[in-house]
Every structure is written in structure tokens, then in C-alpha cells.
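Below is a structure I'd like to ask you about.
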Amino acid sequence: MGLKADSWIKKMSLEHGMISPFCEKQVGKNVISYGLSSYGYDIRVGSEFMLFDNKNALIDPKNFDPNNATKIDASKEGYFILPANAFALAHTIEYFKMPKDTLAICLGKSTYARCGIIVNVTPFEPEFEGYITIEISNTTNLPAKVYANEGIAQVVFLQGDEMCEQSYKDRGGKYQGQVGITLPKILK
């Protein structure tokens, strides 16, 4: 399994729509960086957030109550305030169409990590298609800004030595084609 370089990421995005919109170079002046890097792509967070609150006393991933989260639009301010010790969901600006022989792993940016903001995203499986739902935690005892339309995490691409027998698309993955923030789902 090989880690893919900037030239491969660029070709797959421009010729096959793997990442759209695609920024061919890293943008980093006066913003948290995003765009193509040497062996990855820095994704941007959109301006819509869902802040988890304590309206109900329990989060159940098998039976998630949407009332446990409040939608917040940060497009006017340009940032979202994540309260101390809080958790929110967001989504990428970029839409992904993963090749069948490639898996992507997403890691939070050090700029946020150094402020106690932890970003988690599960792997982008072969032939996954959609916007990425991003999980954001503030591990500090202070409120923190998360900047909309700026970098939030880096994606690295790993190409398999052989083609998988069954992709995410083949098995009808429950988050296939997701748009915007997607809450937890259980197939029934």
C-alpha cells in the first residue's frame, strides 16, 4: 500500500473529480491553511455546525435524538465558537469521490491541536462519495474559535496493492452520497 503524492492527488482530482472543489496549491496567508500539500490535501470546514447540548441526558448512537444538537450558521461571522469541553459536527466544503483501490485517512491540523481542538474523521473508504462529516471536540476549559471556510484537517491517500473485492459503494454504505452534516445512522 503506497502513500500518494501531490501529482497523483492533483491528477485524480482534476481528471476524475476525486476532490471538488480542488485547490491546486496550499493557501495559507491569513487563514488556517488548506489545499494541496506534498503528500496530502488540507480540507476546509464549511460554515454550518451542529453543537451538542444537554437538552437530553443521554447520547445513544443507535437511536440518536436530533434534539441533542443545535444547528448554527457561522457564515456571517466567519467563525463558530465551540464552548469549553464541548463537541460539534460540521462538514467539508469539498466533495469526495474515492477510487476503488484507495483509502484515505484524515488527521486534524496541528494549528487546532495546539489549541486543544481535536478533529476526528473516520477513513474515507474505497468508492465512498459525498461530503465529509467532521467531528470537533474542544478539550480545554475555554471557549474556542473554529474558522469557517478555512483548513481543519489533512487527508492522506493510500492506494492498495490490489483491488478490493467489495467497496463501500458495493455494499451500500449508509453514509454514501451524504450532503451536509449527517447524524449517526444504524441500518435496520
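Note: Cβ is positioned from N, Cα and C throughout, glycine not excepted.
According to Swiss-Prot, the feature dCTP binding site maps to K109, S110, T111, Y112, A113, R114, Q154, Y168, Q178. Marked as active site, proton donor/acceptor by Swiss-Prot on the basis of sequence analysis: E135.
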Enumerate same-chain residues with a sequence separation of six or more from A113 (dCTP binding site) and a Cβ-Cβ distance below 8 A; give 'none' if the list is empty.
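V119 - these are the non-local Cβ neighbours of A113 (dCTP binding site), listed in sequence order.
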How far is it from E135 (active site, proton donor/acceptor) to Q154 (dCTP binding site), counting Cα to Cα, in Å?
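Per the Cα atoms, E135 (active site, proton donor/acceptor) and Q154 (dCTP binding site) stand 14 Å apart.
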By the count of other Cβ atoms within 10 Å, pick out the sparsest of the binding-site residues T111, Q154, Q178.
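Checked T111, Q154, Q178; of these binding-site residues, fewest Cβ neighbours within 10 Å: T111.
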Enter the number of other CB atoms within 10 angstroms of the CB of the residue listed as 'active site, proton donor/acceptor'.
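So the Cβ neighbour count for the residue listed as 'active site, proton donor/acceptor' comes to 14.
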Once the DSSP letters are reduced so that anything not helix or strand counts as coil, what is A113 (dCTP binding site)?
helix
Under a three-state reading of DSSP, tell me whether Q154 (dCTP binding site) is helix, strand or coil.
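Q154 (dCTP binding site) sits in a strand per DSSP.
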Largest pairwise Cα distance, Å, within the listed dCTP binders K109, S110, T111, Y112, A113, R114, Q154, Y168, Q178?
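Among the residues the record ties to dCTP, max Cα distance equals 34 Å.
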Which residues of the same chain, at least 6 positions away in sequence, have a Cβ lying under 8 Å from the Cβ of K109 (dCTP binding site)?
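Listed in sequence order: I32, S33, D42, V119, G151, I152, A153, Q154.
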